[in-house]
Structure formats: structure tokens, C-alpha cells
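Since the structure comes first, as C-alpha cells, the remarks are kept for the end.
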Number of protein chains: 2
Amino acid sequence: MYSIKKILIGTTIVGVICLAAIRKYLCNNKKKDLKAAIEDTNIAQLAKLVVKTPKGTRDHNPHQMSLRDPVFEKIKVIFKRFGAPCIDTPVFELKEILTGKYGEESKLIYNLEDQGGEKLSLRYDLTVPFARYLAMNKITNFKRYQISKVYRRDNPAMTRGRFREFYQCDFDIAGKYDTMIADSECVAIIGSILKALGLPDFTIKINHRLILDGIFDVCGVPVGKFRTVCSSVDKLDKSPWEEVRKEITEQKGIAEEVADKIGKYVKLNGGKELIDELLDNEELSRSSSGKQGLEEMKLLLQYCDFLNVSQNIVFDLSLARGLDYYTGVIYEAVLKATVVKNGKNVGIGSVAGGGRYDNLVGMFDPKGKPVPCVGVSIGVERIFAYLEANAATKPRTTETQVLVCSAQKNLLEPKMKIVTELREANINAEIFYKANRKIQSQLQYGEENQIPLAIVIGNSEIEKNVVTVQNIVTREKEKIPRERLIEEITEKLKKL
Amino acid sequence: MYSIKKILIGTTIVGVICLAAIRKYLCNNKKKDLKAAIEDTNIAQLAKLVVKTPKGTRDHNPHQMSLRDPVFEKIKVIFKRFGAPCIDTPVFELKEILTGKYGEESKLIYNLEDQGGEKLSLRYDLTVPFARYLAMNKITNFKRYQISKVYRRDNPAMTRGRFREFYQCDFDIAGKYDTMIADSECVAIIGSILKALGLPDFTIKINHRLILDGIFDVCGVPVGKFRTVCSSVDKLDKSPWEEVRKEITEQKGIAEEVADKIGKYVKLNGGKELIDELLDNEELSRSSSGKQGLEEMKLLLQYCDFLNVSQNIVFDLSLARGLDYYTGVIYEAVLKATVVKNGKNVGIGSVAGGGRYDNLVGMFDPKGKPVPCVGVSIGVERIFAYLEANAATKPRTTETQVLVCSAQKNLLEPKMKIVTELREANINAEIFYKANRKIQSQLQYGEENQIPLAIVIGNSEIEKNVVTVQNIVTREKEKIPRERLIEEITEKLKKL
């Protein structure tokens with residue numbers, strides 16, 4: 001609440017409004033004191049309140065929601081198709097839980113103010129909370145999905161679906177299983193989801209952290225700099241090699257000839273034949289981790305073939321994925337479609353990504369007991385940005401089936417009784433909240449909201465104990481007995 | 001990441017673990033430097049990391065989610081039945097947006113740390129963000145539902161469903177309509193939802209801020225203290241009148257005789273006859289706002305009768321609702337059932353509440369343009385606490401229909417192909433992620449997860465180009481041709 005002092009300062013700017021309010025108050029209400037009156041004055045004006053959502057966030061209106069809801073629903077269906085149950089975790093975690101998990105991305109974490117409690121941060125993804133959940137509950141064998149919002153103090157690019165608050169749809173498999181089986185399930189689920197969403201034209205890029213480590217190793221990168229170089233290579237989807245090379249050499253202190261050797265490798269992509277080629281490569285074969293990565297990659301491609309997703313897959317050595325916690329296979333799906341932005345066609349970017357993270361759960365376990373994990377996250381916001389840009393017609397925002405109208409005044413009671421009867425019979429029904437609205441306005445509301453049926457009552461209907469049912473689109477009318485209301489409406493709705 | 005200095009300090013405590021890790025490292029990996037090795041050591045041990053969810057929050061495991069999901073779904077169905085579309089707003093708002101809206105509850109708002117951006121707070125409810133949404137988009141006429149989490153740094157009582165992070169399910173109607181029509185819809189929707197959730201034994205207490213104001217006025221409370229006295233009266237559902245009286249007189253400086261006069265009124269409750277009685281009350285009739293409140297209350301009870309919800313309603317003068325923004329009718333639903341806590345039966349408390357708030361949207365409008373609003377919020381967490389305590393059987397956590405198993409080794413390829421075929425035919429199917437698990441273990445997993453069907457393949461099945469379908473419950477087996485797999489399984493699933 002605003003003190004008298006603050007208000008006096010504000011008065012120089014908004015004096016006129018303020019005085020008007022006080023005058024109005026003095027006329028209307030003699031019982032209140034002056035302070036209460038000033039508080040009643042529009043606070044927004046006094047404080048010059050900016051009414052907006054925080055930077056990088058947005059509201060979703062009913063039209064957006066009616067586009068988003070079915071997408072979430074379809075993703076849920078596929079997660080269930082692969083046998084996953086659902087869990088939910090809090091929006092914030094103890095700050096320590098997130099510390100040291102994201103490498104160079106840690107600066108983007110939102111912290112909560114210390115208000116005399118625990119130090120908390122908003123979750124940055126759903127993977128670290130999942131790992132915390134496993135460790136906390138001593139679960140070593142688990143599969144789940146979670147659809148929730150995550151938070152990053154990133155530079156927003158809202159038209160391209162990059163926000164500070166956004167949804168992730170995650171599917172993860174924890175447990176010690178046979179090599180690459182769970183990993184290939186994660187790749188297959190990406191394929192199933194993108195197809196289910198009607199986005200069949202996509203590529204899933206696959207790489208392996210051990211292959212990257214092997215490359216860094218044989219090229220001469222010091223072990224301590226593997227992660228930071230990885231985080232630079234990760235930028236190759238947005239920046240050309242020249243820029244990434246500059247970052248590696250100038251910012252990260254890697255020798256130019258080392259960078260050039262890395263460059264030769266990370267430009268490669270292909271299929272099984274590339275794996276065989278690299279396995280024969282004398283230089284790379286000096287690295288045991290590189291070799292292990294290539295063997296696993298070969299197995300993964302084979303399983304993806306069995307799971308009918310291999311036609312969308314490319315083994316791409318430029319894929320690095322910035323987050324620190326990945327230890328094995330990594331992947332990322334990119335739509336081939338583009339969106340027009342400032343008159344230019346630009347790529348939509350990654351719409352799904354993930355990989356293997358075998359050490360994350362162990363970080364939360366007092367005995368460091370490892371629980372190998374692999375998972376995938378669907379980046380729905382970018383998919384929405386694409387779908388919104390390409391939506392042909394506006395979908396309905398409500399599911400109302402019947403609008404109960406009156407053709408004359410003073411019929412609120414029968415309207416309320418009819419709407420209640422319909423709702424109790426599981427029919428979605430509405431009345432106007434103005435008792436005596438003109439019938440034309442009522443039907444127009446029905447038309448605008450694509451409500452299929454109207455029930456119209458007037459004094460003559462009441463007298464004869466009937467109601468008029470009107471098809472709002474065709475305008476066809478029919479009188480039905482009041483006591484057969486539910487049966488008749490149910491029948492008509494079935495036929496629509 | 002931990003600096004060498006910090007680690008040295010930690011070493012006195014966890015020296016043994018640390019040294020063991022360094023020794024292990026020196027044996028295993030000669031390429032890494034010491035710092036990297038120490039970082040690789042279990043960070044959890046070094047920092048004594050507490051692995052838990054923040055105070056007052058919790059995870060929901062698959063069993064809880066399989067109980068919660070259908071509840072949200074049913075509430076959504078009813079919201080749609082009353083014609084509402086859905087919107088979504090961010091988890092945090094500009095701090096200023098929430099300032100001055102909650103009265104004495106403001107101390108419970110979570111603020112975000114200032115990290116060089118805007119001052120932000122986690123939303124305390126969904127009502128203020130809804131009002132902000134209306135003002136920001138200049139909407140004067142709107143109905144919507146929203147199901148989202150809200151945040152309060154309150155004293156948690158988790159077994160009774162009081163958390164710091166919890167879901168609210170809100171339905172609100174904005175617009176200038178005829179008196180009490182929209183208000184009665186909100187009361188009716190509470191009734192419909194509680195019935196749909198199988199909780200028919202409830203009471204909806206109703207009161208009116210203008211009636212309370214009238215009482216405070218005629219009892220002699222100064223206008224400036226209406227809100228703070230209201231906030232004390234709000235505690236009557238948890239505390240006896242004597243305690244509330246003490247708070248009013250001692251903490252809020254109201255004269256004892258004034259408090260006693262208030263006491264006489266707020267103990268009253270009843271129906272239409274009580275309204276008539278109070279309308280005849282000479283003292284109260286001196287207050288014009290009291291009179292207006294009573295007239296509106298009379299109309300509301302009449303509409304609730306038409307909407308078939310009046311049998312659950314009590315006009316209760318002790319109901320105050322603490323939040324500052326209410327201006328008219330207020331209501332709260334209480335289940336009659338109790339839960340056992342420390343051997344005692346305790347009430348579940350309010351499971352829904354809301355009211356009219358005609359001035360909130362205007363606070364966000366530069367011209368102070370009012371948009372009258374009325375709404376209701378379903379307190380699902382308390383409903384879950386009740387349902388969880390009373391759940392008879394554990395529901396399934398997955399929707400898997402078919403488990404694809406193998407009776408011999410080395411059959412991963414056909415299993416992967418079958419599971420893919422099933423999924424592509426929209427059948428929820430799983431395989432084990434260990435290729436050569438014993439058939440008994442596989443079927444046991446199916447039993448534990450209540451999966452109805454298993455497909456079992458072995459070398460003989462492969463040879464004969466058939467699969468064995470097994471009902472996991474009855475153990476009945478049947479061989480079907482491999483090429484008729486989808487048709488046969490689809491048929492069998494239909495009959496289950």
C-alpha cells in the first residue's frame with residue numbers, strides 16, 4: 001500500500017487524476033477517511049504500473065490453448081504407448097541440487113530470493129530433478145514421462161519458440177540394461193512423436209560423447225578442456241565452423257593446429273559406412289573411448305533399423321550438446337521445414353534432444369552409486385511456433401454443445417433449469433449471464449463460438465410445454481416436448 | 001564446481017573418501033590432472049548435499065499421478081460443461097502486479113532473486129494473473145478455466161493437503177452482467193465438480209462482503225479497519241470465537257463492546273429465513289451496504305435453487321475469506337467427511353472457495369476501468385489428500401496393453417520388430433531392455449504392472465512363423481499366425 005508521502009511525490013505527475021478521485025470520493029462517501037480514499041484511487045496510475053508478463057514469458061490465450069492441448073495429449077499418448085508412467089516434481093529445487101550440472105549454462109538458472117528459508121532455484125530442465133528423484137527414493141530401475149515447464153534466463157527469441165518459461169516433454173529410462181536397447185527406444189520415441197504430430201519430415205542427428213572425447217583426445221585437447229571445447233562445438237548448428245574455431249582457439253586457448261584437426265572430424269556425417277571408415281581410421285583407433293563409442297553407435301543404428309526409425313537418422317559428428325551431464329549417445333531432432341522470419345526462410349532448430357547420462361544420479365547418492373540413464377526431451381514450444389504459423393483455421397476454444405436462449409423477457413428461471421438439466425445429463429451447455437439479451441445477439445454468440453445447437457424458449461413454448469431446438473449453422477428449427485428434451489438433444493448431437 | 005581451497009577445507013572431514021578417490025584415479029587414468037580427478041570424486045559426499053525436495057513441496061510418484069490425473073480430467077470436463085475455454089499464464093509475474101492485492105497474506109509471496117533483470121514473484125493464486133491478463137488485453141467480457149500450480153511460503157501441513165506448491169483449478173467469469181447470474185454459476189460449478197469427483201457430502205457456505213461491511217459498520221468498526229477485522233473473522237473456521245475476539249481487541253485495537261456486537265452476528269447461519277430476519281433487523285438496516293448485500297444474497301439463493309445446488313448451501317455469517325480483493329458474494333465448500341490424524345478425526349477444511357472481485361482488473365487499467373469478476377478455485381490438494389487416504393486399490397500406473405517377451409536367447413531383433421509393429425498400430429507395447437531375461441521374470445513384470453497380454457516368441461515360433469499370445473492373468477495361451485498379429489491382438493484387447 002502507498003504511504004501519504006509517496007503519494008505526495010506522485011501528485012506532481014498525476015495530480016489532476018488524484019484530485020479528481022478525492023473530489024469524487026468526498027461527494028460519494030462521507031464515512032471513509034482521506035487515506036482510504038486515496039488508496040481507492042487507481043493505484044496503477046499513481047505508480048505507473050507496467051502491466052505485462054515478465055521478459056521471455058507469455059500468456060496463452062484460448063486459441064493458442066486449443067492448439068497446444070491436443071499436442072500435449074498426442075505426446076502423452078505416445079509416451080504411454082512406450083509403457084511409461086508419469087511423475088511430477090516441484091518447479092523449484094534446492095539450489096545445490098542444480099549446482100555443477102549444466103557447465104557453462106549455469107548462469108541461466110533463476111534463483112529465488114532468500115526470504116529466510118532454503119536457497120532455491122527454478123528447475124532448468126526435467127533431467128536433473130528426475131535424477132534427484134531416483135537418488136532420493138533409491139530407485140535403480142525406472143521409466144517415466146513428465147510434461148512440465150522449465151526456466152532459463154536466456155536471451156528470448158519468442159517468434160522462434162525460444163522463451164524463458166517453456167514446456168518440456170521428457171521420457172527417460174533408468175537402469176542397468178543391455179547396451180543401446182534403452183537408447184534406441186529413446187530415438188524411436190522421437191520418431192513416433194514427430195510422426196504423430198504430423199511432422200514427418202525430420203532428421204535425428206546422432207553422436208556419442210565417447211567418440212567426441214576420442215576425437216578431442218587424438219587431436220591433442222587436454223582432458224580438462226574436453227567439456228568446454230564440447231560446449232563450443234555445440235554451437236555448430238547455429239554458427240559456421242570458422243566462428244567456433246575462433247572461440248576454441250581465442251577464448252578457450254586451444255592451439256590452432258589442434259582446432260584444425262578437430263574441424264576435419266566434426267564436419268563429417270553419414271551412416272553405417274562412416275562408422276566403419278572411422279573404425280578403420282588409424283589416428284582415431286588410438287583412442288579406446290573413441291573405439292567404444294563407434295562400436296556402440298554401430299549397434300544403435302542396427303536397433304534403430306529394427307525399430308523402424310533409421311530412415312530419419314544421420315550420424316553427425318558436429319552434434320555435441322552443451323550440457324555437462326551427457327556421457328554416451330546424444331541426439332537431436334531437426335525439422336526440415338522452415339519458417340519465414342523477416343522475409344527469410346530460417347530453420348526451426350532442434351525440436352527434440354537428449355542422450356545418455358550415466359553419472360548424474362550417482363552425484364546425489366551418498367555412496368555415489370551409479371544409476372545409468374538415457375532420455376529424451378521434446379521441445380514443444382518450437383513445434384507450437386511452427387504449427388501456429390501454419391495453422392489453417394482457428395479451432396474452437398470451447399466444447400459447448402447447446403446454448404439455451406430465450407426469445408422474450410423474464411425467462412431466466414426456465415433457462416437456468418434447462419441448462420442444469422442438460423449439464424446433469426453430461427451435455428455441455430451455456431446460458432447468457434444477461435437475463436434479457438436479444439435473441440439475435442444470443443444466436444450470434446452461438447455462431448461465433450461454433451456452438452452447434454440452440455434451445456430457444458419463449459412464452460408460447462412455456463405454455464405448450466415444448467422447446468424449440470435450432471441448428472445454429474443451418475438455422476433449421478424443430479419443436480420438441482419439454483419432457484423429451486434430453487433424449488432428443490442427445491440424438492441430435494450424435495448425428496452432428 | 002568446487003575450488004581447491006574449498007576442497008582442502010572439506011578434506012579434514014571427508015579426507016578418507018577423498019584420498020581413496022585420488023588413489024583410484026591415479027591407478028585408472030593417468031591423463032587427467034588432479035583438479036579434474038577431485039571434481040570427479042563424488043561431489044555429494046564432499047559437500048554433504050541434502051537430497052530432498054524444498055520444504056512444503058513434494059514429488060508425485062506414478063501411483064499418486066494415476067490418482068491425480070483422472071481428478072484433473074474430471075474437473076476439466078466440468079469446466080468445459082459450463083462453457084469455459086482454457087488459458088495459461090506464467091508461473092511468475094512482475095512483483096508489482098502482486099503487490100497490494102492480498103492484504104495480510106502478502107508476506108507469503110515468494111520473490112525471485114534480482115539477477116539483473118525484472119523484479120519477479122511466483123504467483124500466489126490464479127486470480128490476480130487472470131485480472132492482469134484481462135487488463136493487459138483490454139478484455140471486458142470473458143470466461144475461462146485454468147489449472148496450474150501456485151506458491152505460498154506458508155506453514156506446510158502436508159498430510160492435510162497444505163503445501164507451499166500446490167495446484168489450483170480456477171473458473172472465472174468477467175463482465176458486466178445481471179446481478180447474481182454469474183455468481184450463481186460459480187456456486188453451481190462447485191456443486192457439479194464435487195459431485196463428479198464422488199464427494200457428494202459437502203456444504204457450500206455463502207456470505208457477502210457488503211453484509212460483513214454492514215455488520216462492521218453498525219457495530220462501530222472504523223472504515224479503515226474493515227479489512228483487518230475481516231481477516232481475523234476469516235479464522236473462525238479454525239479457531240473459536242474467543243481467540244478471534246482476542247485478536248480483534250488486543251492486536252487490532254477494537255473496543256471490547258464492538259467485538260462482542262460483531263460476535264453476535266458472525267455466529268449466525270441459516271437460509272432464506274435468516275436473510276429475511278436480518279432485513280428486518282433495525283440495527284443492520286441502518287447500513288445501506290448491509291441491505292444491498294442481503295438483497296443480493298436473497299437473489300443468489302433463488303438462482304442456486306434453479307441451478308439445483310441449493311440443498312448444499314448455507315448462508316454463514318462467519319465466512320469472511322481473508323483476501324483483500326473480494327467485494328461481493330464469497331463462498332467456500334467444506335466436505336463433511338473427516339480424515340484420521342494422530343488418532344483424531346479432523347475436518348478436511350475448505351476444498352473450494354471464491355467470490356466476487358469487482359475492483360481488481362481496474363487496478364491494472366491505466367484509466368481504472370472496472371471489469372466486474374466472479375470466480376471459484378477448487379483446492380484439489382485437500383481433495384487428493386482425502387482420496388489418497390481412502391483409495392481402496394492401487395490403480396495401474398501405465399497403460400501398456402502388450403508385453404513382448406522371448407523364451408530363448410538372441411531374439412532381440414524379432415521382439416523389436418513386433419513391438420514396433422504393435423505401436424504403429426496404436427497398441428501400447430513394451431519389451432524388456434535386457435535382451436536375454438528369463439521368461440518368468442518377464443511375465444512377472446507383466447503381472448506386477450497389470451499388463452493384460454503377453455506375446456511370447458521362441459525359436460519354434462520363429463520357424464513356424466507364429467507367435468504365442470498369453471493372457472497374463474488367466475495364463476491361457478494361443479498360437480496365432482505372425483502376419484495376423486495386429487488383427488488378432490486388436491480383437492483380443494477389445495474383448496478384455
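Yeah, the Cβs are placed from backbone N, Cα and C, and that goes for glycine too.
Under the heading L-histidine binding site, TrEMBL lists B:Asp125, B:Leu126, B:Thr127, B:Arg152, B:Gln168, B:Asp172, B:Arg321, B:Tyr325, B:Tyr326. What TrEMBL records for B:56-395 is domain 'Aminoacyl-transfer RNA synthetases class-II family profile'. According to TrEMBL, the feature transmembrane segment maps to B:7-26.
Around the Cβ of B:Arg321 (L-histidine binding site), the number of neighbouring Cβ atoms within 10 Å comes to 22. Per-residue confidence over the domain 'Aminoacyl-transfer RNA synthetases class-II family profile' (B:56-395) averages out at a pLDDT of 94. In the three-state DSSP scheme, B:Thr127 (L-histidine binding site) is classed as helix. Every protein chain considered, the tally of other Cβ atoms within 10 Å of the Cβ of B:Asp125 (L-histidine binding site) stands at 21. Counted within 10 Å of its Cβ, the other Cβ atoms near B:Thr127 (L-histidine binding site) come to 27, all protein chains included. Looking only at other Cβ atoms within 10 Å, the busiest spot among the binding-site residues B:Gln168, B:Tyr326 turns out to be B:Tyr326. The L-histidine site in the record is lined by B:Asp125, B:Leu126, B:Thr127, B:Arg152, B:Gln168, B:Asp172, B:Arg321, B:Tyr325, B:Tyr326, and its two most distant CA atoms lie 21 Å apart.
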